[in-house]
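Features reported for this protein in Swiss-Prot:
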- D945: active site, proton acceptor (ACT_SITE)
- L824, G825, K826, G827, N828, F829, G830, S831, V832, K851: ATP binding site (BINDING)
- 24-353: domain 'FERM' (DOMAIN)
- 372-472: domain 'SH2' (DOMAIN)
- 517-777: domain 'Protein kinase 1' (DOMAIN)
- 818-1091: domain 'Protein kinase 2' (DOMAIN)
- S17: phosphoserine (MOD_RES)
- Y781: phosphotyrosine (MOD_RES)
- Y900: phosphotyrosine (MOD_RES)
- Y935: phosphotyrosine (MOD_RES)
- Y976: phosphotyrosine (MOD_RES)
- Y977: phosphotyrosine (MOD_RES)
- 1-223: region 'cytokine/interferon/growth hormone receptors' (REGION)
Amino acid sequence: MAPPSEETPLISQRSCSLSSSEAGALHVLLPPRGPGPPQRLSFSFGDYLAEDLCVRAAKACGILPVYHSLFALATEDLSCWFPPSHIFSIEDVDTQVLVYRLRFYFPGWFGLETCHRFGLHKDLTSAILDVHVLEHLFAQHRSDLVSGRLPVGLSLKDQGEFLSLAVLDLAQMARKQAQRPGELLKSVSYKACLPPSLRDLIQGQSFVTRRRIRRTVVQALRRVVACQADRYALMAKYILDLERLHPAATTESFLVGLPGAQEEPGCLRVTGDNGIAWSSKDQELFQTFCDFPEIVDVSIKQAPRVGPAGEHRLVTITRMDGHILEAEFPGLPEALSFVALVDGYFRLICDSRHFFCKEVAPPRLLEEEAELCHGPITLDFAIHKLKAAGSLPGSYILRRSPQDYDSFLLTACVQTPLGPDYKGCLIRQDPSGAFSLVGLSQLHRSLQELLTACWHSGLQVDGTALNLTSCCVPRPKEKSNLIVVRRGRNPTPAPGHSPSCCALTKLSFHTIPADSLEWHENLGHGSFTKIFHGHRREVVDGETHDTEVLLKVMDSRHQNCMESFLEAASLMSQVSYPHLVLLHGVCMAGDSIMVQEFVYLGAIDTYLRKRGHLVPASWKLQVTKQLAYALNYLEDKGLPHGNVSARKVLLAREGVDGNPPFIKLSDPGVSPTVLSLEMLTDRIPWVAPECLQEAGTLNLEADKWGFGATTWEVFSGAPMHITSLEPAKKLKFYEDRGQLPALKWTELEGLIAQCMAYDPGRRPSFRAILRDLNGLITSDYELLSDPTPGIPNPRDELCGGAQLYACQDPAIFEERHLKYISLLGKGNFGSVELCRYDPLGDNTGPLVAVKQLQHSGPEQQRDFQREIQILKALHCDFIVKYRGVSYGPGRQSLRLVMEYLPSGCLRDFLQRHRARLHNDRLLLFAWQICKGMEYLGARRCVHRDLAARNILVESEAHVKIADFGLAKLLPLGKDYYVVREPGQSPIFWYAPESLSDNIFSRQSDVWSFGVVLYELFTYSDKSCSPSTEFLRMMGPEREGSPLCHLLELLAEGRRLPPPSTCPTEVQELMQLCWSPNPQDRPAFDTLSPQLDALWRGSPG
């Protein structure tokens, strides 16, 4: 065969050529590893699962099981991808051609400082991909480029970039074939490594020009080959450079119909590092809807209209805060392609055990669920989990082999004279699907059948007897080597962390004065409280706000439960969710009084008793689903409720006139951890059995049990017989592992049984519960039905009529529907209030933070509008989220609506929780603030007011930059901004050039960041705040302006003193941030990896 000519591409234009004799076959194409047509796998008549075909292709390419989830099958033109559950049916006349490709991308994924797989410790992380995946990805990218699949530009800059890629391509060939550049170029042309359009352009040049270009390429090739980089480093460089030139190569876009866009199509874009974004047809700019961890559930329903390709499908994505995105796809294949993409990213980033829809569930994952088997986790994670479970002799883990698709591994704990040890057995699966232990010939139909046989017959491994006793089953959200940690994202805590029931609740709540409360009628009694109807009056700026409230008074006879009662109040004051009751605060005058919002229709157990059979199953299902949303929110926060029952579920809206019902979960009250056995027995069957067996403990799994019992309670329509039993019989019910009577809705039986499993480890996550509830009702038919419904079947929504679609832009909040709740903060220029946006007038709308100006002259209005435009354009995990705006009559006034973060500002948070915030958490906060500032700098935004008071706390592991009232956008072509009228300024946070010349830049923000580091490591202690320290340096007898004295101090080299507990490395970063010359200060993109490295190296 003659060597390729100058015009011969390494990849042929057609992927393959199929003759008529190949009819009735399925071909899976693999990316070519060199010149010639791609390798392909062919399959004859029959049915084939997409995931099974992927496994066959992975074996052919040397892709290990750990990396299997990065790949998928697509049509040859990449117009449609197939979910793992898709079945290909090959008949006599059919010929189908598919491509096996890497679908899930993480840009910048080389190097552990960018993206990596989760490790047990910060120094035990691993790369996302190995050399076989690297080779596959390189071949895939190179094939796309030289075949013309990627659109390319032909500017001089672009030509230089693609010639550089050709040099890298040729260099890796030289490494692979152990050839010198001259020898290689005798058989391969550099033009064969270029996109077709550039190849044609060069071919059309004069001989002299072609000769000059070739000489340049040869010289560059010799320099690259002479360096020490190996072939894999060259391939990695090629991939990163190509993804930099063509970011679209790592994204997928879908044309869809969006609500409010009429007939105009919109576009959804999915990327591994940013999640889901959307854009309408007339907008080029994409707006972020959510990142993958924010997704609660995804559903596919039949859309009302029919298109040319068949029935349209409506995909609904629900975000953690209750907002939804609805997109209409032209057909089921397109909808499944999109959902499978989101589903796959969620498993890679958040939870390797979860799937959103059964239509796209990987069959191997379903098999693992049925067999109580883990995925291909490494031995380190298996042993770690056994240790976390107590290293009990006989405990074991079943997992897929990380090396072989047809093998499973049994890792068990045994007791030896030297202590616990861990032994392993290899289990093989033959082509028929039967299982056998290596060394034993007996076959078994399932893994569980094999393990049962082992329990009866016993096992010997290395001369040690294995007596299997208890299985450590997979749990939702477990961290392992299957999880990818992305760059610039919140680092995840180590696996095995047991959430504390008081993770956020160190008695932090708003105190309400007794004289602001007005008492009305008594509404009854709780287990430990007396309950009253009342009003709260608050005067702000001369205006009186009157709010209807519920008053819960702690009974003086239960003083021993007072701390638990206040912990419940503290928990509710630090969470914000539509389906959780709002706590206004606590009044400590005499008795402890919890002041909550008043929910008019009361508890749903009472409501259901009143309405009886008139309440349809569809109504009950929506109420149950809303309760699951609330508990999922708490689960994601790591906060167990501990007292889930129908009497704790309050009905805010009945659900008539086409609006769905709306519920709110009330506070947990006194925790089961402090209750006596007699009181716990009285709570059967809502209290989880383990709460009785292990007094003083409360885990998230207990809420799953309570949810199951509450679901039974809502649907049964009859009293629970068990509640009338004697205490001894109640306990016997649990001892005998009794079950509640069967409901007439058999569809719910399986879900309730899973939630009320006596083994807490086998209860599903609330995301999985929501998925199963979604499966009970579709738009095609109703599975749950009542013969005599009394209430109209409303549309299935999370937050009802107050729901805001993500694609409304700008979001306009009607002023009349913003209900004042309390004052969050007040400054020289404006105030921020907590409001509920409640267009239906029934207290079911979301909580929001609303900023308004104190003085609204024309200049202040312009500055405020600028602040709004800046915040509106920002989409970052570490910057407070813009929600919308609200206009007064005639648009004479303007208010900014933002997300509400109940934990308040970082300054106050540090002061409150100093005792439990160690250096590792402070470094995490510092890194997050730095990443937020890096994001701002990349968008030419200078904050000008960076301080701990202007950073909000979302959770104990997440902070966000807020207050953009002084922010400025740098003019194009300039790196600084001169403020003409500085007004009142936070001078003790300002850089010298800002104080003397009103010059602000990214470098001046770096100076302020150094002060924030100081605030972090002094815990914002007032006695050593920046202002206190500088004023102390100035001395008591100072005269004149503090600004002049401060400038003199800084010019003399005086700086804030190093905090006593601050690591030396952080002190050095502070001093660099406070360099007098702005050019000597490190940039945020330099500080970020340094802080990340310090966080990873810190204990804890």
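In case you wondered, yes, glycine gets a Cβ from its N, Cα and C as well.
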Here the Cα-Cα span from Y977 (phosphotyrosine) to G830 (ATP binding site), rounded to a whole number of angstrom, reaches 24
In the domain 'SH2' (372-472), how many residues does DSSP assign to helix, to strand and to coil?
21 helix, 38 strand, 42 coil
Cα of G830 (ATP binding site) to Cα of D945 (active site, proton acceptor), in Å and rounded, measures 15
Looking only at C-alpha atoms, tell me how far the residue listed as 'active site, proton acceptor' is from Y976 (phosphotyrosine), rounded to the nearest Å.
15
Taking the Cβ of Y900 (phosphotyrosine) as reference, which residues of that chain separated by at least 6 in sequence fall under 8 Å from it?
S576, L834, L847, V848, A849
Using DSSP reduced to three states, classify D945 (active site, proton acceptor) as helix, strand or coil.
coil
Nearest recorded site to Y935 (phosphotyrosine) by CA-CA distance, among recorded positions L824, V832, Y976
Y976
Taking the Cβ of V832 (ATP binding site) as centre, how many other Cβ atoms lie within 10 Å?
20
What is the separation, in Å, between the Cα atoms of V832 (ATP binding site) and Y976 (phosphotyrosine)?
30
Tertiary neighbours of L824 (ATP binding site) (same chain, Cβ under 8 Å, six or more apart)
V832, E833, L834, A849, G904
Comparing the modified residues Y935, Y977, which residue's C-beta has the most other C-beta atoms within 10 angstroms in this structure?
Y935
Are there any residues at least 6 positions away along the chain from Y976 (phosphotyrosine) with a Cβ closer than 8 Å to its Cβ? List them or say none.
L970, I999, F1000, S1001
